[in-house]
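Data block below; observations after.
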Amino acid sequence: MRTLWIVAVCLIGVEGSLLEFGMMILGETGKNPLTSYSFYGCYCGVGGKGTPKDATDRCCFVHDCCYGNLPDCSPKTDRYKYHRENGAIVCGKGTSCENRICECDRAAAICFRKNLKTYNHIYMYYPDFLCKKESEKC
């Protein structure tokens, strides 16, 4: 419960689906989304370039691609609803954009959980200048 409170406090001021996405990540991984994923590797967080450093960073690359496939939506600001059924994330009823954004976030949160065993603390707060190569295509 304390972790949930810390995440809620850290996310005050964060708008739109970033709040829901953070709560999904916490629920799937048990990790604080801000400290564990906001600056991880070359793709987690704002922007991204180069080659993903590992499977977790690849989750972020795929998530960026998913958002990129939503040109008529605003993935970082459009809010959506979701709930859990038997532990699984279920996107709620909403607009087409809300549902597609939710599905992008859901897939990334599940990807993070599936790759917890290979999460590498070396890539937390990874410096951008080490992500030199041109980005892969989605």
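Just so you know, glycine gets a Cβ as well, placed from its N, Cα and C.
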Listed in Swiss-Prot for the Ca(2+) site shared with Tyr43, Gly45, Gly47, one of Asp64, Asp72: Asp64
Cys73 pairs with which of Cys59, Cys91, Cys97 in a disulfide, per Swiss-Prot? Cys97
Looking at Swiss-Prot, which of Cys44, Cys59, Cys60 bridges to Cys111 via a disulfide? Cys59
Swiss-Prot annotation, disulfide partner among Cys10, Cys102, Cys104, Cys131 for Cys66: Cys104
Residue among Cys65, Cys91, Cys102, Cys131 that, according to Swiss-Prot, closes a disulfide with Cys138: Cys65
Cα separation, Leu34 (site 'Putative membrane binding site') to Tyr43 (Ca(2+) binding site) (Å, whole number): 14
Phe39, Phe129: which of these recorded sites has the highest Cβ count within 10 Å of its own Cβ? Phe39
Nearest to Cys73 (disulfide bond) in three-dimensional space, by Cα, is which of the recorded positions Leu34, Val46, Cys111? Val46
